[in-house]
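Feature annotations, reproduced from TrEMBL:
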TRANSMEM  B:26-48  transmembrane segment
TRANSMEM  B:68-89  transmembrane segment
TRANSMEM  B:101-118  transmembrane segment
TRANSMEM  B:143-161  transmembrane segment
TRANSMEM  B:204-226  transmembrane segment
TRANSMEM  B:238-261  transmembrane segment
TRANSMEM  B:273-292  transmembrane segment
TRANSMEM  B:322-342  transmembrane segment
TRANSMEM  B:349-372  transmembrane segment
TRANSMEM  B:392-411  transmembrane segment
Amino acid sequence: MGLFSKVAPSIKEFGDMVNNILPDGEKELEQSPYDTKLGLDMARDARKVIAGKIKIEDFHKVYSASLISEFGDHFVSGPEVSKDKKYTGPKWGMVIDLKKCIGCDTCTVSCKAENRTPPGMSYNVVLETELGSYPNISVMNLPRPCMQCDKPACVQVCPTRASFKMENGIVAIDNDRCIGCRYCMVACPYGARSYDFGNGYEEEMTGYDEITSPEYGMDRGKRKKGKVPEGTVRKCNFCFHRLERGEEPACVETCIGDARFFGDFNDPNSVVSKLAASPRAFRLKEELGTQPRVVYLR
Amino acid sequence: MDTKAQLNQPIYDVGIKKRMNTLEKMWWLILSAVFILGVYSIIDGFLLQGMSSTNLSNTVPWGGWVAFYIYFIGMSAGSFLLSTLVYGFGMEQYEKIGRSALLSAIVSMITALTFIFLDLGRPDHVFNSVIYWNVTSTMSWEIHFYIVYLILLVTELYLTMRGDLIKLSKTSQGVKSKIYQILVFNKKEMTDIDKGKDRKLLKILGIIGIPLAIFGVHGGTGSIFAVLKARPFLNSGLFPIIFILSALVSGTALAIAIYVIKNKVQKKPIDVTMVKALGGMLALFLVIELGLEWYEFLIGSYGLQHEELATMKLMTTSAWSWSFWLFQMGLAMVFPLTILFVKKTRQSVNWILAAAIMTIVGVVGVRFNMVVPSLIVPQLEGLPQGNYYPNLSEWITTIGLLAMCLLIYTIGEKLLPIEEDETSENGVSQHE
Ligand code: SF4
Ligand code: SF4
């Protein structure tokens, strides 16, 4: 009876079990038209690169000649990252078409669900104002996420650098560093920041406290009294955790009128770049010089 | 006649002494009771419930405690600047309030820091604000300035008292004498060379301290608010200067109040000339402040900017307007100014004391008006309008901390030789 056996397999035995089902590299490579030894050597050294024993540059130096002779010119091996440190990845931004927005608040609801924001906190709100007087009347809906400003007032004032600007354009908060002074909330011209007072929906909704908000892709386990992010400031981060796995922010995905567009402002051919160049485009409180990354179409 | 105790002996008769004792007992009793109540409220609110124990919200994230924090920062900077008249500029006529001004500067600073500490959402992260320095953050600079400033204040007070501490270490007995001995590093004699050295050091510290207090501590604290372009009402270059002026106002008022009340209770003679001079200073500061505020409002309203106008309207006409008209304009401006201008009242110590107390109370309103109204006005049309009054828990904590402030001050007065040796002042004092 295995259950009562005193002999437990050692870690090495587990390893052997895995090795038993692995294909034999040599045999597999034999079947390909290319050099078997080169493949095996490269695999061995690649492991060393990963373990940090060999520099990636040296790896390329050793193998580039044999690779070219084996695979021809269309495979030129070299270090993949360019030498200059300039960031070339995406710089995220959002365009919201106000003509398409019907003020249904779907974005607000989906944001709350996605980011599990407590009562009284909403990363995204839809501001409604009535313009004109009867009978010439119209309602303006203005969805307001965090603008992810390029010159963010909140980052400027944060005494601990807990609020900071990421290379991808998003303004993030390190809740483990934030002291909860709320200076950033006072400084943000768009009212985009909220303080986590530690309250929750547990009474109306069983399981609310089971997981903390998945923000920034961090798994913080259960939401508990006195545990971060309680006592710190939170805000929209363009659903950074969703971007990391290739999904759009929740508000963009659920918008029923397709009023929201999301993409890379670094790429001149992206939809958002093209829309932002439209004469309808404007940004909120442009005069403050915060340079928001959320562009509205009027 | 080398100790103060002996010197004061003839002034007291037995009856006064008895009355003093009961008075003092009550003072300790009431303050301790209030303080304990405050501690209870801190544990119950701040420690167990966090910020949800306050009336703060996402629209008004700063409230009473921030207001009291800048109130005490102002008190501290003001008191310190007053003390520099003595130690920095050698104006001997104010010698009598020199040490107590320094002590109240220290105590105010401690109180201010306690208030702002209570306002933090994560007190367990507080050291991050010292470890990680954000050079663009005014608050970050302030935190570092406060530390340096506090060290400077303590050093300065120590140097002014050193001679008397040495005397005390010889005359007192038991534990007290031990403490004094440790405080003076077992120094036995204060030579003239030592005295000269201390005086020189004090001068240097005073001179470093003045810019530190004006630009670093107080102008800097004003800048915490003035840099907020999201709040047009605060976002003006005049704001930090108004801040400094109201610091001078409250510091002077505090010095007057402490000096007069203390001497009245102890039935000691009051230096009327000095009190009058201080009253004159208070009036001067008030006038300058009034002028600056006039420009602040004039230029602010001239811009016709929506949020700025809304903030002013809120301050002057809303349900909160009593705090502006009664406290800021009345108690902290017009009433004391009138008292200090009318010939009859400005000659009387009692009236000057009344003006000082009014100012001290009124400046609380000034500080609230610096924090709350501009937060109530929403940043974008359609965002909710805020609403804020401190709740009971916030008030109890606040009053508890005020008691703490007075307690620390009294302990300081009791243990340390805060009052100048009387022999040196007999010549100048003019009795009421
Ligand atoms: S909108 Fe506010 S919170 Fe967001 S980046 Fe700009 S200043 Fe910061
Ligand atoms: S509340 Fe946190 S993020 Fe905001 S300014 Fe303070 S430390 Fe920075």
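One is the number of the first residue shown, and numbering goes on along the chain from there.
Even glycines carry a Cβ here, placed using N, Cα and C.
Remember, predicted model here, so these are calculated numbers, not experimental data.
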Same-chain residues near the transmembrane segment (B:101-118), Cβ under 8 Å, at least 6 residues beyond its ends: 42, 46, 65-66, 68-73, 75-77, 79-80, 82-83, 86, 126, 146, 149-150, 153-154, 156-157, 160, 251, 254-255, 258, 397-398, 401-402, 404-405, 408-409, 412-413, 416, 418
Residues of the parent chain within Cβ reach of the transmembrane segment (B:26-48), under 8 Å, 6 or more residues beyond its termini: 54, 118, 393-394, 396-404, 406-407, 410
Listed stretch, out of B:68-89, B:143-161, B:204-226, B:349-372, that has the most CB pairs under 8 angstroms to the transmembrane segment (B:273-292): B:349-372
Contact set, same chain, for the transmembrane segment (B:238-261): CB under 8 Å, 6 or more residues outside the stretch: 70-71, 73-82, 96-97, 100-101, 104-105, 108, 214, 218-223, 225-226, 270, 274-275, 278-279, 281-282, 285-286, 288-289, 292-293, 295-296, 299, 332, 336, 349, 352-353, 355-357, 359-360, 363, 366, 370
Distal contacts, the transmembrane segment (B:68-89) - CB-CB under 8 A, six or more residues away: 95, 97-99, 101-102, 104-106, 108-109, 111-113, 115-116, 119, 153, 156, 160, 202-203, 205-207, 209-210, 213-214, 217-218, 221, 243-244, 246-252, 254-255, 363-364, 367, 370-371, 398, 401, 405
Chain residues in Cβ proximity to the transmembrane segment (B:204-226) (below 8 Å; excluding those fewer than six residues from its ends, i.e. six or more beyond): 70, 73-74, 76-77, 80-81, 83-84, 87-89, 138-139, 141-142, 145-146, 148-149, 152-153, 155-156, 159, 234-237, 239-244, 247, 370-371
